Amino acid sequence: MSQFAFFNDLNSALNMDEPLTKGPLPRWQRKNKENSSVEMNMSNFNSSNSMSSSDLNKSRGNEERKRSQSVGRKTPKTPKKSPGRHKSNPNTPSAKSKTPSGGDRYIPNRSAIDTELSHYLLTRDENMEDLSPSEREKRKAIDENMEDLSPSEREKRKAMSELVHGKDIQKSRVLAFQNKAPPPPDGYQNSLKVVYSTSKTPMGSKPTSRYIPLTADRILDAPEIQNDYYLNLIDWSHFNVLAVALGGSIYLWNGESGAIDHLMDLEGNENVCSVAWIQEGYMLGVGTSLGTVQLWDVSAKKKCRTMDGHDVRVGALAWNTYILSSGSRCGNIVHHDVRSRDHKVALLQNHTQEVCGLKWSPDGRYLASGGNDNLLNIWSGVPGQHTFSTQPIHSLSRHQAAVKAIAWCPWSPNVLASGGGTADRHIYFWNVSSGACLDSIDTKSQVCALLWNSDYKELVSAHGFAQNQLIIWKYPSLVKVAELHGHSARVLNLAMSPDETTVLSAGADETLRLWKIFEKVKSKKKEIKNNASKFNSMFNSIR
């Protein structure tokens, strides 16, 4: 009978119609059982709040033990770590989730993108490959040196870019993710405009980090300097040497080393009334009280020649390349060609009293002369030629006192500043092309000298009675920047150092004061030639 038992077992094993009574449960039955157990536990928890946390943990442990036994897994022998040490971050998405539950997907807004401009910005570097190597280097240098350009040049290039592209491409983006705010309707006024505007600092009162020392950086003695308003007794050369006239002598002070050198002495009771350095070179013009004009080669300490033309003292000198103009006490102005034997090339007669102010414009087109007759005359001249007008193109009579302080604007050659004496006390700004008065300042004091600074666009004025101070003015706003006190008598003359950082003032108290008031904005490399033979060869023929 044993063979029949074997066949019965074999048939029952091969019969697939009967339900399985052994082995693990199917997956769908395990899932149903797990869901039903979780629902049962949640319902029991909500219905009975008296269940303690220990009972809940015990029931969960039993469920996990039954679940592991039902799927045929053994219970681990080592106890599990405390569930409180590893807390999952609810903000971290599950590792099984393929897409984040929320957040920005960074989808660009095509309606807010200028596709043509974006394409140009992306392919700008590729288009440069079609250019020649020199043209590519030129454009690359332009892009890198944009910060070194002046503000006017940057504004010009920005305007050209806006004209070509319709907008400033430097502020444009290739991709845009949101629409720009719509512009307000015409005539719209914000009701809170007053609140926001009152908290803003006005443009004229913005704080600045610039420091202006109110005391002199250095004081030099100037004994026997003449206390005469109408004379011009100091001048600072381009190679940093200061010429000072003390009575009948001239002394040279080196701005780099501080050395003092004696140049010359006049004979008898003759005094030096004016000094002026040529623009380039070591030639110094000297006006004397006897009406002569001397030329001195400072490098050789030698007098080159003496030129006549005046019968009374020469209180003002001005250079225009090889033309030296001199103004005398009788009101005449003489142009001397220092290269020629017959040096007198023009005589200008329009002032009725002493000429005390004389300056050529930076471009050499105009000569400004101020006199004790309260007149400011503008003369025309052609640079490099013996063509001079014998009549002034403008004769300005707004001043009420002698006009000694004259200064041409270095960045605008047609702008001239002039200052009047004790009875006038005004500084006027003129357009010499039209003769119009641009502006004026009432300084409340005698104006003795004027100087411009091109880095800060400012004007320095020296004053006499009654405060004897220096004033720094901002141009063109004419706002007073600072006042410098130190002289006990009126300030007779001003001179500017070659690097335009230091102003030297000569006072009637027989002192020279150096004011370091202009810090250099940008480093300007100025090559100073130490060999006099490298300068203009025209002085080789001085007789």
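Every residue, even glycine, has its Cβ placed from backbone N, Cα and C.
What you are looking at is a predicted structure, and each value in this text was computed from that prediction instead of being measured.
Here TrEMBL flags 1-109, 124-163 as region 'Disordered'. The compositional bias 'Polar residues' annotation in TrEMBL covers 1-14, 89-100. According to TrEMBL, the compositional bias 'Low complexity' annotation covers 37-56. TrEMBL lists 57-67, 133-143, 151-163 with the feature compositional bias 'Basic and acidic residues'. The annotation compositional bias 'Basic residues' is assigned in TrEMBL to 74-88. The domain 'CDC20/Fizzy WD40' annotation in TrEMBL covers 220-515. Annotated repeat 'WD' per TrEMBL: 348-380, 484-517, in sequence order.
Sequence-distant contacts of the repeat 'WD' (348-380), counting only residues of its own chain at least 6 positions beyond either end whose CB sits under 8 Å from a CB of the stretch, comprise 229-232, 315-321, 325-335, 388-408, 410, 413-414, 416, 418, 420, 424, 430, 432, 435. For the domain 'CDC20/Fizzy WD40' (220-515), the model's average pLDDT works out to 94. Mapped onto DSSP helix, strand and coil, the repeat 'WD' (348-380) counts 0 helix, 19 strand, 14 coil.
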